[in-house]
Amino acid sequence: MASGCALHGGCPSDYVAVAISVICFFVLLSRSVLPCLIHKAPRTNSSSFWIPVIQVISSFNLLFSIMMSVNLLRFRTKHWWRYCYLWAVWIEGPLGFGLLMSCRITQAFQLYFIFVKKRLPPVKSYIFLPLVLLPWIFGAAIIHATKPLNDKCHMGLQWTFPVAGLHALYVLALIAFTRAVRHVEFRFDELRDLWKGILVSATSIVIWVTAFVLNEIHEEISWLQVASRFVLLVTGGILVVVFFSISSNQPLLSQISLKKRQNFEFQRMGQALGIPDSGLLFRKEEFRPVDPNEPLDKLLLNKRFRHSFMEFADSCYAGETLHFFEEVYEHGKIPEDDSIRRIYMARHIMEKFIVAGAEMELNLSHKTRQEILTTQDLTHTDLFKNALNEVMQLIKMNLVRDYWSSIYFIKFKEEESCHEAMHKEGYSFSSPRLSSVQGSDDPFYQEHMSKSSRCSSPG
């Protein structure tokens, strides 16, 4: 029979295991929080925010419950909060490993419907996740009712292998969803990350179950008790860090900006997807004359005018309408036969502008919003047509008239005039007769310099 620290906890290896698990959790916490702080990622109410948060919570539950249930720490007195069924059954099971795997299965479920079925999942994540967790809850309730645990929180063989089978069942479910999306040509390595997650979780479960079985069955061997619980906690710590690090969520943030192999960051989904002429306005962007009498939808095709109008709208706290127009405009540049990129862009627009609580939620009619959210084809060319019509009406009613009299339009016209003047000067200096004239010999040199400095000065 095991005795001493092997029985009551507090062996040197136990404290080493606790220290390793604490380090693992802080690494996990830093990997989940720091990227959001560095890149100033906006908080949303969508699953892309809550699922990673739940993963962090379930990881903490898993590590802390293992530490409490296998007697790693020595406590002089028996406290009510050391109740075996609280830690070894409920928190380690449904609220630990079960919740961690359920989050991953939910992500795979979303990928399946979005990229294979080409529509949003029929069940919301906040409903699907508890449904996936139900087998763990039922299993924990049965164990709690039958009370097979002894005073050391150990259960016999008749319970050990069914519990191990429940762990394996969730890995098999993840494999099933991953096989269903294996033919999709993902842009941000989601499929590879899913397979990595399966490999890591399966390997961890094999090691974990082996240590768990040895810990449960051979209670009389002291060194085996100490070694098996050390492996249990350390493997759990490694599992949660690696599992969280392999993220198939929010590709624009976690798959692009945070990859060390990337030499630069993409600020927009259009840039990440390789949409031509996407992103910030370049200073050498060609000026095209703007006629205020032209239709607004035609004027907005002028990139410089659109960005000037967008700055004005942002100053009026109504910039979401112009940002939506630009994102939809870029979405329209993707070829119709490129369904994967169209789905990425459509999903990005939905999460940014359409869903309730979005970063730049638009003031759309309920009918239009539901048409988009319940579409049966995320690749449809007219997916955002009605929403765009409503947005254009809002722009015309609330922004256009004020823009023509704003400082932003005056600045735009000044830049346009300067560009035209510089363009004409460029033609005159390109003649062979004046090509060899130096600045100091040119009687109009000072005048050219003053015009150039005034036109090129940032304003």
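Heads up, the Cβ atoms here are built off N, Cα and C, so glycines get one too.
If you look up Swiss-Prot, you'll see 429-439 marked as compositional bias 'Polar residues'.
The domain 'RGS' annotation in Swiss-Prot covers 295-413 and rests on sequence analysis. If you take every residue in the domain 'RGS' (295-413) and average the pLDDT, you get 90.
If you look up Swiss-Prot, you'll see Ser428 marked as phosphoserine.
Look at Swiss-Prot and you will find 429-459 tagged as region 'Disordered'.
The transmembrane segment annotation in Swiss-Prot covers 9-29 (among others).
Per Swiss-Prot, transmembrane segment is recorded for 48-68 (among others), and the stated evidence type is sequence analysis.
Per Swiss-Prot, transmembrane segment is recorded for 83-103 (among others), and the stated evidence type is sequence analysis.
Look at Swiss-Prot and you will find 126-146 (among others) tagged as transmembrane segment.
The feature transmembrane segment is assigned by Swiss-Prot to 157-177 (among others), with sequence analysis given as support. Within the chain carrying the transmembrane segment (157-177), a Cβ under 8 angstroms from the stretch's Cβ atoms is held by residues 93, 97-98, 101-102, 104-105, 108-109, 111-112, 132, 135-136, 139, 143, 148, 194, 197-198, 201-202, 205, 208-209, 212-213, 216-217, all 6 or more beyond its ends.
Long-range neighbours of the transmembrane segment (194-214) within the same chain, counting only residues 6 or more positions beyond its ends whose Cβ lies under 8 Å from a Cβ of the stretch, are 101, 104, 108, 111, 160-161, 164, 167-168, 171, 174-175, 177-178, 181, 224, 227-229, 231-232, 235-236, 238-239, 242-243, 246, 248. Per Swiss-Prot, the feature transmembrane segment maps to 194-214 (among others); the stated evidence is sequence analysis.
Per Swiss-Prot, transmembrane segment is recorded for 226-246 (among others), and the stated evidence type is sequence analysis.
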Dominant neighbour of the transmembrane segment (9-29) in 83-103, 126-146, 226-246, by Cβ pairs under 8 Å: 226-246
Within the domain 'RGS' (295-413), residues counted as helix, strand or coil by DSSP: 81 helix, 0 strand, 38 coil
